[in-house]
Amino acid sequence: MAKRSSLYIRIVEGKNLPAKDITGSSDPYCIVKVDNEPIIRTATVWKTLCPFWGEEYQVHLPPTFHAVAFYVMDEDALSRDDVIGKVCLTRDTIASHPKGFSGWAHLTEVDPDEEVQGEIHLRLEVWPGARACRLRCSVLEARDLAPKDRNGTSDPFVRVRYKGRTRETSIVKKSCYPRWNETFEFELQEGAMEALCVEAWDWDLVSRNDFLGKVVIDVQRLRVVQQEEGWFRLQPDQSKSRRHDEGNLGSLQLEVRLRDETVLPSSYYQPLVHLLCHEVKLGMQGPGQLIPLIEETTSTECRQDVATNLLKLFLGQGLAKDFLDLLFQLELSRTSETNTLFRSNSLASKSVESFLKVAGMQYLHGVLGPIINKVFEEKKYVELDPSKVEVKDVGCSGLHRPQTEAEVLEQSAQTLRAHLGALLSALSRSVRACPAVVRATFRQLFRRVRERFPGAQHENVPFIAVTSFLCLRFFSPAIMSPKLFHLRERHADARTSRTLLLLAKAVQNVGNMDTPASRAKEAWMEPLQPTVHQGVAQLKDFITKLVDIEEKDELDLQRTLSLQAPPVKEGPLFIHRTKGKGPLMSSSFKKLYFSLTTEALSFAKTPSSKKSALIKLANIRAAEKVEEKSFGGSHVMQVIYTDDAGRPQTAYLQCKCVNELNQWLSALRKVSINNTGLLGSYHPGVFRGDKWSCCHQKEKTGQGCDKTRSRVTLQEWNDPLDHDLEAQLIYRHLLGVEAMLWERHRELSGGAEAGTVPTSPGKVPEDSLARLLRVLQDLREAHSSSPAGSPPSEPNCLLELQT
């Protein structure tokens with residue numbers, strides 16, 4: 001059994017932000033931190049006070065996280081980025097909204113005394129003395145303290161206060177992972193209600209000391225338990241009066257949804273998985289109850305999630321093609337008009353969307369990547385709508401004469417024709433590159449539609465059915481929003497965005513088979529008609545070849561593609577292998593090309609290099625971040641592994657930004673999560689000279705000073721399938737609509753009482769719906785008998801509520 005938490009985060013837009021630049025504008029971006037750990041950075045939107053981001057993320061976390069904070073920053077090229085403001089949502093706040101937090105939130109000023117992080121290790125004892133009881137507080141160590149100095153560290157000490165008496169530990173220089181092992185004693189009086197306050201501070205020689213956080217201990221509770229030892233989370237000082245600046249710093253529109261799940265062992269989900277798979281295998285030949293019922297009881301707002309979960313479950317069982325084929329038949333059975341076929345947000349449409357993103361994303365990158373990159377690099381002004389042509393955006397064609405509107409339109413048409421032609425040519429050449437399971441699925445779709453709508457008058461309908469998914473729901477959205485499909489790291493500027501939009505419209509016209517209705521919508525697209533008309537013929541030829549795949553060819557192609565073992569992640573990184581001697585500087589990193597597969601992390605000078613080194617995946621013990629001070633630069637991670645002789649080794653890799661850092665960490669953690677010998681602790685610093693830079697320990701192979709974060713990952717399109725989690729999510733959905741399922745069961749069984757599943761299947765054959773209700777009942781009992789699924793609270797009962 002495993003407890004898992006996932007955060008869905010959508011950063012929509014900001015408004016009324018203050019101007020930070022001398023131009024009266026700002027260059028805003030967002031940093032998202034979970035418990036003060038940066039995990040996401042949005043793109044920068046230049047020169048605006050009302051930025052639109054529209055970025056979505058799914059973050060997997062341990063259920064013990066406390067808060068997520070959104071920092072709006074202003075990017076500066078020459079100086080440090082300015083902090084505009086922040087929005088902080090605690091775990092309890094998010095959990096109090098079952099459907100998620102959604103709306104505008106005012107930005108507040110960032111108070112240094114509230115920017116605390118880390119934990120402190122304390123041992124607390126009450127023991128009898130000669131005249132009165134004594135309170136003994138041992139301050140052992142701390143970890144992950146906030147760096148307050150410019151060198152990326154702090155000089156921490158601890159101040160312990162009780163009943164007017166104050167004691168302080170020694171100062172540990174340049175460490176966010178200090179060790180003190182100092183003990184203080186105080187006299188306890190009967191009935192005394194005062195709390196014990198333990199504060200961490202950063203010592204400064206010239207300026208005032210910086211607050212690092214505090215813990216308030218309930219002494220009365222400590223009297224009862226007599227002794228307590230553990231890690232206590234540092235809290236901000238909330239006794240200070242806050243400035244009322246809400247609204248002055250602008251607002252941020254967010255969507256945040258928390259999902260907590262208790263995932264049972266695989267054996268508990270087997271009856272549910274077998275039942276659903278049996279229904280799909282029977283297809284339209286069986287009773288056909290469950291899949292239509294699931295669609296019928298699924299609301300519009302959760303249909304995409306349900307479709308994705310079902311698709312991933314059947315993909316893991318090798319039944320994705322059969323599942324989608326069943327949905328195609330169900331949709332066709334209730335469709336009489338060809339112009340509405342697969343145009344609604346049905347379970348079939350949503351499932352195919354998810355299917356293409358899971359199974360076809362690498363194919364999409366291969367076809368669209370070069371064209372999208374060229375559009376971004378050229379940055380040409382492109383416009384076909386005469387009412388939107390602006391001369392100031394055009395520039396000059398010669399030394400003196402600006403271009404006329406007609407010249408702009410003609411040049412724009414030429415540019416778009418070139419891009420569209422290149423895209424269609426790339427698509428025509430990509431038949432063999434398309435995954436076999438995608439080709440086989442489209443083959444089934446093509447055949448089903450042709451069977452449902454035979455005749456010459458419906459000749460184009462099977463082609464339009466395929467393009468409604470391939471072009472309208474996959475290629476066109478990727479062209480319009482390349483960042484959301486991981487084709488680019490940043491959003492397009494206004495000029496490039498307009499070019500992409502026009503190109504996407506042209507692709508849609510080709511996908512619609514150049515129908516008169518699509519032509520009539522925007523007459524100014526007429527200059528592209530020759531290319532669109534030619535593209536229709538190319539696209540029909542491509543689809544004819546795409547769906548021309550037999551079972552044997554499908555298996556052969558699948559085997560060929562699987563032997564290639566596509567990388568989980570790849571790209572250039574900088575590597576440093578420390579020998580522990582001399583200063584470690586960022587300049588000592590060497591640029592190499594890395595490729596992570598399900599077998600190894602390999603690296604070479606170039607992607608095509610024949611000679612490469614590798615780290616076996618089974619030898620990886622942890623993948624974690626490195627303190628900024630260690631190399632004088634940020635975005636460094638470490639891969640801790642063992643060599644063939646079993647000796648521990650560490651490779652330090654530098655990324656170019658926080659997003660790339662977290663993407664690589666996520667990928668490494670996901671593929672190594674089931675390794676034996678994973679570390680529970682590590683050193684976030686480096687071993688320099690004779691000690692660790694983080695905690696100053698002198699034992700190189702000793703226990704780490706910080707806990708590993710193997711469960712903190714970002715969800716990506718190429719994540720490994722998690723069958724148990726998908727089954728749990730499907731169970732959770734079915735549990736939510738159980739009343740509707742019982743209602744349908746009563747209708748089918750002639751008014752039987754709700755909650756009474758037939759118990760004698762030998763006398764009356766138990767239908768699939770009755771079996772499903774029985775499975776849900778068994779899973780509910782399994783969850784009830786397991787430990788509580790709610791996230792654990794703080795391990796210490798001595799923390800006093802701070803207001």
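Quick reminder: no glycine exception, Cβ is built from N, Cα and C everywhere.
Annotated in Swiss-Prot:
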| type | residues | note |
| --- | --- | --- |
| DOMAIN | 1-105 | domain 'C2 1' |
| BINDING | D21, D74, D76, D82 | Ca(2+) 2 binding site |
| BINDING | D21, D27, D74, D76 | Ca(2+) 1 binding site |
| BINDING | D76, S79, D82 | Ca(2+) 3 binding site |
| DOMAIN | 116-232 | domain 'C2 2' |
| BINDING | D149, D155, D202, D204 | Ca(2+) 4 binding site |
| BINDING | D204, S207, D210 | Ca(2+) 6 binding site |
| SITE | R343 | site 'Arginine finger' |
| REGION | 781-803 | region 'Disordered' |
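Neighbour density around each Cβ, counted as other Cβ atoms within 10 Å, peaks among the binding-site residues D74, D204 at D74.
For R343 (site 'Arginine finger'), the nearest neighbour among the binding-site residues D74, D82, D155, D202, judged by Cα separation, is D74.
D21 (Ca(2+) 2 binding site) is surrounded by 13 other CB atoms, counting those within 10 A of its CB over all protein chains shown. Here the CA atom of D210 (Ca(2+) 6 binding site) lies 10 Å from the CA atom of D155 (Ca(2+) 4 binding site).
Sorting each residue of the domain 'C2 1' (1-105) by its DSSP state yields 5 helix, 58 strand, 42 coil. Counted over every protein chain shown, other Cβ atoms within 10 Å are most numerous around D27 among the binding-site residues D27, D149. Listed in sequence order, the binding-site residues from D27, S207, D210 having a Cα within 10 Å of the Cα of D76 (Ca(2+) 2 binding site) are D27.
Under the DSSP three-state reduction, D155 (Ca(2+) 4 binding site) is assigned to coil, being neither helix nor strand.
Other than the site residues D21, D74, D76, D82, same-chain residues with C-beta atoms no more than 8 angstroms from the centre of those residues' C-beta atoms, the Ca(2+) 2 site, are K20, S26, D27, M73, E75, S79, D81.
In this model, the domain 'C2 2' (116-232) carries an average pLDDT of 91. Counting neighbouring Cβ atoms within 10 Å of each of the binding-site residues (D76, D155, D202), the lowest count belongs to D76.
When the binding-site residues D27, D202, S207 are screened for a Cα within 10 A of the Cα of D74 (Ca(2+) 2 binding site), the ones that qualify are D27. Just so you know, the Cβ of S207 (Ca(2+) 6 binding site) picks up 6 other Cβ atoms within 10 Å once every protein chain is counted.
Within the domain 'C2 2' (116-232), the DSSP-based counts of helix, strand and coil residues read 7 helix, 60 strand, 50 coil. Its own atom aside, the Cβ of R343 (site 'Arginine finger') has 12 Cβ atoms within 10 angstroms in the protein chains shown. Around S79 (Ca(2+) 3 binding site), no same-chain residue six or more apart in sequence has its CB under 8 Å from its CB.
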